[in-house]
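Quick look at what Swiss-Prot lists:
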- GLY204, GLU205, PRO206, GLY207, VAL208, GLY209, LYS210, THR211: ATP 1 binding site (BINDING)
- GLY605, PRO606, THR607, GLY608, VAL609, GLY610, LYS611, THR612: ATP 2 binding site (BINDING)
- 4-144: domain 'Clp R' (DOMAIN)
- 7-72: region 'Repeat 1' (REGION)
- 85-144: region 'Repeat 2' (REGION)
- 157-337: region 'NBD1' (REGION)
- 338-545: region 'Linker' (REGION)
- 555-763: region 'NBD2' (REGION)
- 764-856: region 'C-terminal' (REGION)
Amino acid sequence: MNLFEKMTDQLHETLDSALALALHHKNAEVTPMHMLFAMLNNSQGILIQALQKMPVDIQALRLSVQSELNKFAKVSQISKQNIQLNQALIQSLENAQGLMAKRGDSFIATDVYLLANMGLFESVLKPYLDAKELQKTLESLRKGRTIQDKNDDSNLESLEKFGIDLTQKALENKLDPVIGRDEEIIRMMQILIRKTKNNPILLGEPGVGKTAVVEGLAQRIMNKEVPKTLLNKRVIALDLSLLVAGAKYRGEFEERLKKVIEEVKKSANVILFIDEIHTIVGAGASEGGMDAANILKPALARGELHTIGATTLKEYRKYFEKDMALQRRFQPILLNEPSINEALQILRGLKETLETHHNITINDSALIASAKLSSRYITDRFLPDKAIDLIDEGAAQLKMQMESEPAKLSSVKRSIQRLEMEKQALEMEKKESNAKRMQEILKELSDLKEEKIQLEAQFENEKEVFKEISRLKMEMESLKKEAERFKRNGDYQQAGEIEYSKIPENKKKEEELQRKWEAMQQNGALLQNALTENNIAEIVSQWTHIPVQKMLQSEKNRVLNIESELQKRVVGQEKAIKAIAKAIKRNKAGLSDSNKPIGSFLFLGPTGVGKTESAKALAQFLFDSDKNLIRIDMSEYLEKHAMSRLIGAAPGYVGYEEGGQLTEAVRRKPYSVVLLDEVEKAHPDVFNLLLQVLDEGHLTDSKGVRVDFKNTILILTSNVASGALLEENLSEAEKQKAIKESLRQFFKPEFLNRLDEIISFNALDSHAVINIVGILFENIQKKALERGINITLDEEAKELIAEAGFDRFYGARPLKRALYEMVEDKLAELILEDKVKENDSVAFVVENNEIVPKIK
């Protein structure tokens, strides 16, 4: 076996890289220096692993070696065929072969090559590191193992390569504090202490804090707050994607995983954490190969491997419950979503970390708003993750504003720029008539430039104060970490000096600057560094498209005027509007059932009396837009099979991927008015679907996804019993009796019983009709004003239109047609004939029992 056949795969790759480097630099020979540079360029190699454990500037060392290579002689005609290994390189490989034999290795590994030739590289390494320290680090990485296979040195420190040491991160204070979840952490420790099957698996929805629980365990181990059995354990998060990545040959993945398992067994103090553990099922499997789950099973069963898994309930059901052999090796720990109060405690615990990261102050009101608003409005995600995201994004937005130029200063600069351009234009014209305007511009420019100087000085002053506060906060954080480190090492004198001398001194300076900053804020500061509930409401608004004011306290005052606001659009239905207003007020006061929709109403009445218009008016009032009205025409659901369109087609049927018309619309706009129009025309089975919505406030679609209706208002309109409502000879009691009879015929009792309110809309009277004419005319008036034409309609004309267009049986709809014929058509003719132009006024008056336009 020659020298090259005795090299490990990694050393062979290093030699190939050195050869490519020599070709690139046009060097005639490959030297040990080329080998060293190739090792420094391999981020996964043993040399880089060793240097990362030492206080070395790797980039500076790399540049130093490169400058040495640049000194070598260059040859113009060089190719792979005529390049040679120089004598020094061959000698260095022979040196490594000698050391290999002494160590009992079967192949020359990369670390052996380095150790055997440390003298060759000493001159270039000396300015950056101690050669003896490097030797010690390389030896520690080997851990006394021998190289018996060509790829054995690729698997040195498999855990370091494929995992992240969470206990080390906890030691360096790089993990966020873990608040609560004590029961789950204690249960996890109990399982880990067991003799066999000592593998807990954390189950919970995405964002409830599964990974945080494991980080909490790592922190407790570092703080020695665990049972004696778990002291000195290391929690290492295994990255499965790194294990699979770059596995070129069949069996390479399995070999890597086996090396990790062997390393864990040998060390006996490692707890493996596999996040998204369901990915081990099928991971790395190929034809004739084993997946990760089957490789792990024997070690898990014997208790040789301490593993903590984390996955969602859905993935656990899909992968683990099908494989009983894998399932029984893990002990499940269920993590439920925390309550709003528990989430608030978590946020308060994270507050300091987030403040330090973003260099801002987070008010407690922002934390409360984050927990409450995320719980109410962001229904498709889970606490505490969604609340933390809100705070984080709000803080990032504030930080961005802090680091940008204030809006007030930008506005002044833009005004100066605009006036300067206008001044130049006037100077070019040289007209005497421009003299007055020029004087005004010069005066404005003088004032604005003075204001700009003041604002810039204020901005710089505020920036300086804020910068100093930020520096002191960072200093405070590092002092706390230092004190913690001294305590852990038992140096209580140094820890005491920091805690009782340096920290109070730092705090005093910070408090003085904070008082100065608060005084600036009271005097109208340009910069704002405090995150408030308004900032959080803005972020929620960006995510959900719900207007900001709807989420804040001011909305409650607005709801008190709901009746008068709705009556501006819906006329002659005072009783119906009062019933709607009461339900909305109950909800806003927090007295209604939070597990049901905000309100569920059945609107009864003849056609054209304002049932659909009431739903539109409600959407406009609550959400400032008719777009938040989800309208579904129930006459499209006459057949039984059409019902599936509401929640989505069943698996295997056309349209399964598209989802349901009702469920998809509510998922996209969870805060809206849902209008089911002409509900009596739908198939009776549709009402069975609605029972769950009315009772529990949610509906499960064809894919098994739960759609939340708790923030919707459900309105059903129907023409049932419209005959009784139109009958003038019946008393109110007789009408109600007739309505109840009609409802019993069309709807099931369990459906009617779940509705909040059954509201009857009366037939319109003549007074209401005249008011409706006024409302409809306002729409035409707005369109005319867009063209610069002002139009008016007198009372007599309104009465004439009401008389011509109103029909008791058809409601207010024919009024639109009457308005088109008697007003709009005549106005259109005048515009097209150029008889009416911009800034003209047209009055529509009655002459000889006919409406005629009068141009002014």
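Any Cβ shown, glycine's included, is placed from N, Cα and C.
A map of Swiss-Prot features onto the structure.
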{"residue": "GLY204", "record": "ATP 1 binding site", "DSSP class": "coil"}
{"residue": "GLY209", "record": "ATP 1 binding site", "DSSP class": "coil"}
{"residue": "PRO606", "record": "ATP 2 binding site", "DSSP class": "coil"}
{"residue": "LYS611", "record": "ATP 2 binding site", "DSSP class": "helix"}
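Rounded to a whole number, the C-alpha distance linking VAL208 (ATP 1 binding site) with GLY610 (ATP 2 binding site) is 46 angstrom. Within 10 Å of the C-beta atom of GLY608 (ATP 2 binding site) sit 23 other C-beta atoms, taking all shown protein chains into account. Residues GLY204, GLU205, PRO206, GLY207, VAL208, GLY209, LYS210, THR211 make up the record's ATP 1 site, and a Cβ search at 8 Å around their centroid adds ALA310, THR312, LEU335, PHE382, ASP385 from the same chain. With every protein chain in view, the residue among the binding-site residues LYS210, LYS611 whose Cβ has the most Cβ partners within 10 Å turns out to be LYS611. Looking at which of 85-144, 157-337, 338-545, 555-763, 764-856 has the most CB pairs under 8 Å to the region 'Repeat 1' (7-72), the answer is the stretch 85-144. Its own atom aside, the Cβ of THR211 (ATP 1 binding site) has 15 Cβ atoms within 10 angstroms in the protein chains shown. Other Cβ atoms within 10 Å of the Cβ of GLU205 (ATP 1 binding site), summed over all protein chains shown, number 16.
For the domain 'Clp R' (4-144), the model's average pLDDT works out to 79. Counting other Cβ atoms within 10 Å of each Cβ, the binding-site residues GLY204, PRO206, GLY207 show the lowest value at PRO206. Considering only the binding-site residues THR607, THR612, the Cβ with the fewest other Cβ atoms within 10 Å is that of THR607.
Of the candidate binding-site residues, PRO606, THR607, VAL609, GLY610, THR612, the one lying closest to GLY209 (ATP 1 binding site) when CA atoms are compared is THR612. Rounded to a whole number, the distance between the Cα atoms of GLY207 (ATP 1 binding site) and THR612 (ATP 2 binding site) is 40 Å. Secondary structure of the region 'C-terminal' (764-856) per DSSP (helix as H, G, I; strand as E, B; remaining residues coil): 52 helix, 19 strand, 22 coil. Note on the binding-site residues GLY209, GLY605, PRO606, GLY610: the fewest other CB atoms within 10 A surround the CB of PRO606. Checked against GLU205 (ATP 1 binding site) by C-alpha proximity, the binding-site residues GLY605, THR607, VAL609, GLY610, LYS611 yield LYS611 as the nearest.
Its own atom aside, the Cβ of VAL609 (ATP 2 binding site) has 29 Cβ atoms within 10 angstroms in the protein chains shown.
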